[in-house]
Amino acid sequence: MRVVTPEEMRELDGRATREFGIPEEILMERAGMAVAIACREILGAPAEVSRHIVAVVGGGHNGGDALVALRDLVSRGYPAAIVLMGSEKPPSQAVSRELDRLARMGVVPTQGVDSSFRHRISHAALLVDGLFGTGFRGGSLSREARELIVAMNRAADSGIPVVCVDIPSGVNGTTGAVSDVAVRGRRTVTFGAPKWGLLCDPGTRYAGDIYLSPIGFPRNLRDGGQLSCLLPHEANELLPVRPPAVHKGEAGHVLVAGGSPGKSGSVLLAARGALRSGAGLVTVLWDRSFGEAAASLPEIMTFPVDFATLSPREVFRFLPRMDAVACGPGVEEAFGGRALVESLLTDYPGPLVGDAGVFDLFAGNPEKMASSRRGPLVLTPHPGEMGRLLGRETATIVSDPLGSVREAAARTGAVVLLKGARTHVAHPDGRVSINLTGDPVMAGAGMGDVLTGIIATFLGQGLAPFDAARLGAFFHGRAGELLGTTSTRGRLASELADLLTVILSPVGGTAHQPPGFNRSQDPALFWPFPAPCPPSASFGGRQ
Ligand SMILES: NC(=O)C1=CN([C@@H]2O[C@H](COP(=O)(O)OP(=O)(O)OC[C@H]3O[C@@H](n4cnc5c(N)ncnc54)[C@H](O)[C@@H]3O)[C@@H](O)[C@H]2O)[C@@H](O)CC1
Ligand SMILES: [K+]
């Protein structure tokens with residue numbers, strides 16, 4: 001599904017009006033109605049609501065949407081109130097129009113931070129956050145905006161539901177950054193297409209359950225663009241088909257090359273990831289110094305070698321039989337495996353996924369990778385490895401994952417998967433897909449090795465590198481979510497690998513999905529992902 005930046009959304013808004021004759025007022029009406037549905041689902045019938053629904057609004061269109069929602073709720077009999085943020089600028093025409101309509105219905109705003117705003121907010125039945133939307137420029141907030149957001153968060157802490165319009169106020173829609181404070185919503189209803197910043201850390205953790213409402217944007221307007229995320233039905237469609245009469249020779253033969261003394265487990269985990277995601281055959285290059293550990297995974301074939309003296313010719317003798325290579329997990333710089341990794345990268349013409357040891361080989365010189373590699377390539381660095389590859393501090397990678405992953409893909413000529421709670425997958429042509437599956441239980445040893453194996457399987461079954469990488473990240477995360485339904489910590493990478501078979505096996509026509517999706521009763525709102533951990537849980541702090 002297409003994901004947009006606020007800038008792209010503004011362009012789409014303009015095109016909806018210019019090219020399709022859909023005026024802004026209609027879009028705003030639909031946006032407001034979608035927010036009202038989300039509020040009604042939380043509140044129940046008007047007769048059950050005795051306290052006010054309070055819309056906290058700024059002077060932009062985001063405030064306009066919130067006021068339209070309020071108008072709908074008032075017309076259904078819910079008690080309502082408005083807190084209007086003051087500003088140097090007069091409210092937009094749309095906000096003035098909606099304020100006027102509400103005034104005629106008997107709802108008059110209180111202006112900004114007067115003596116009553118805290119009482120109103122803290123005694124609300126529900127808050128609608130319409131302070132800032134995609135027009136938020138980031139940076140520091142006015143004192144008034146800050147006070148309103150802090151008051152809303154106090155109310156949220158005391159159990160009052162907050163429904164955010166389009167994006168939680170204070171979250172940067174382009175990056176997901178929160179430079180000061182931001183509203184912690186129970187739900188966020190976003191319009192037309194999800195905003196990139198709404199899906200990225202840390203902004204996504206302020207959103208609560210995300211719902212998307214198409215609000216009547218023509219479908220072809222929503223196609224295209226370079227940013228995307230993979231929805232469950234899209235992932236299921238990408239998954240390579242297994243014909244009824246398939247035999248193991250047709251399901252992909254993966255070679256795993258890597259490991260070093262003390263790190264032979266890495267190659268076993270990659271091999272397990274490959275087998276559990278459906279590879280027909282897996283062969284591991286097994287250095288004799290690794291000992292007997294391979295016996296723990298009897299389904300693999302091992303090719304015993306001595307990395308220190310291994311001649312490329314010895315390996316390349318059987319490479320033509322391989323459909324994909326997983327290269328680099330567990331390789332230590334000082335170990336002889338480096339030469340092997342280098343020759344595989346340079347000489348193996350088939351699809352290859354490179355992890356760990358591969359990045360040290362090209363540290364600070366990603367262009368060398370582009371010139372050495374002949375075949376399709378997927379790289380799977382974590383931020384530290386990406387930093388070494390690009391010659392940057394890890395912190396700069398973490399603060400700009402989108403820019404970093406795009407740069408790495410452009411400079412290496414490879415598909416690059418930057419690991420994180422929100423994994424990014426970039427194509428050298430500029431496309432980037434953000435992965436929305438995963439669970440904190442996945443923060444543990446060996447999880448990345450399993451991912452390398454999964455991607456190798458998908459490459460070996462004929463998927464293009466970009467698809468293999470984003471699909472691998474999706475199902476790896478799904479397996480983690482399933483693992484996370486029964487525990488919060490202490491699960492093993494091999495356990496995650498073993499759950500892949502459940503995740504990847506169609507049940508009732510679609511791949512298994514753990515419970516917890518945001519399914520509104522109303523088809524106008526949908527979003528098929530569970531909410532990530534809220535900021536209070538992940539950062540420990542409260543505003
Ligand atoms: N344009 C359209 O056709 C549609 C827009 N929609 C809504 O419009 C929103 C965007 O509306 P706008 O572009 O009017 O902008 P917003 O309503 O997001 O707010 C912009 C206002 O906030 C102020 N502002 C920005 N950064 C600030 C900061 N750091 N501190 C203090 N004030 C700051 C700006 O000066 C401006 O007055 C969307 O998020 C969505 O909710 C929807 O109504 C659907 C249709
Ligand atoms: K908002």
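Each residue, glycine too, has its Cβ placed from N, Cα and C.
The domain 'YjeF N-terminal' annotation in TrEMBL covers 9-223.
Per TrEMBL, the feature (6S)-NADPHX binding site maps to His61, Asn62, Gly63, Gly64, Asp65, Asp166, Gly330, His382, Asp449. The C-beta environment of Gly63 ((6S)-NADPHX binding site), restricted to residues of the same chain at least 6 apart in sequence and closer than 8 Å, consists of Ala55, Val57, Leu84, Met85, Pro91, Ser92, Val95, Gly130, Leu131.
Residue environment of Asp129 (K(+) binding site) contains 32 other Cβ atoms, counted within 10 Å of its Cβ in all protein chains. In the three-state DSSP reading, Asp129 (K(+) binding site) counts as strand. Look at TrEMBL and you will find Asn62, Asp129, Ser169 tagged as K(+) binding site.
Feature annotation from TrEMBL assigns domain 'YjeF C-terminal' to 231-507.
Under the three-state DSSP scheme, Thr423 (AMP binding site) falls in the coil class. Cβ neighbours within 10 Å of Thr423 (AMP binding site), excluding its own Cβ and spanning all shown chains: 26. If you look up TrEMBL, you'll see Lys419, Gly420, Ala421, Arg422, Thr423, Gly448 marked as AMP binding site.
Taking a Cβ cut-off of under 6 Å from any atom of ligand 2, none of the binding-site residues His61, Gly63, Ala421, Arg422, Thr423, Asp449 qualifies. When secondary structure is read from DSSP and collapsed to three states, Asn62 (K(+) binding site) falls in the helix class. Rounded to the nearest whole angstrom, the C-alpha distance between Thr423 (AMP binding site) and Gly330 ((6S)-NADPHX binding site) is 21. Among the binding-site residues His61, Gly330, Arg422, the ones whose Cβ sits under 6 Å from an atom of ligand 1 are, in sequence order, His61. Gly330 ((6S)-NADPHX binding site) has Gly448 as its nearest neighbour among the binding-site residues Asn62, Ser169, Lys419, Arg422, Gly448, going by CA to CA distance. Of all the binding-site residues in the list Lys419, Gly420, Ala421, Gly448, the shortest Cα-Cα distance to Asn62 (K(+) binding site) is found for Ala421.
Recorded residues Gly448 (AMP binding site) and Asp65 ((6S)-NADPHX binding site) have their alpha carbons 43 Å apart, per Cα-Cα distance. Across Lys419, Gly420, Ala421, Arg422, Thr423, Gly448, which the record gives as binding AMP, the greatest C-alpha separation is 14 Å.
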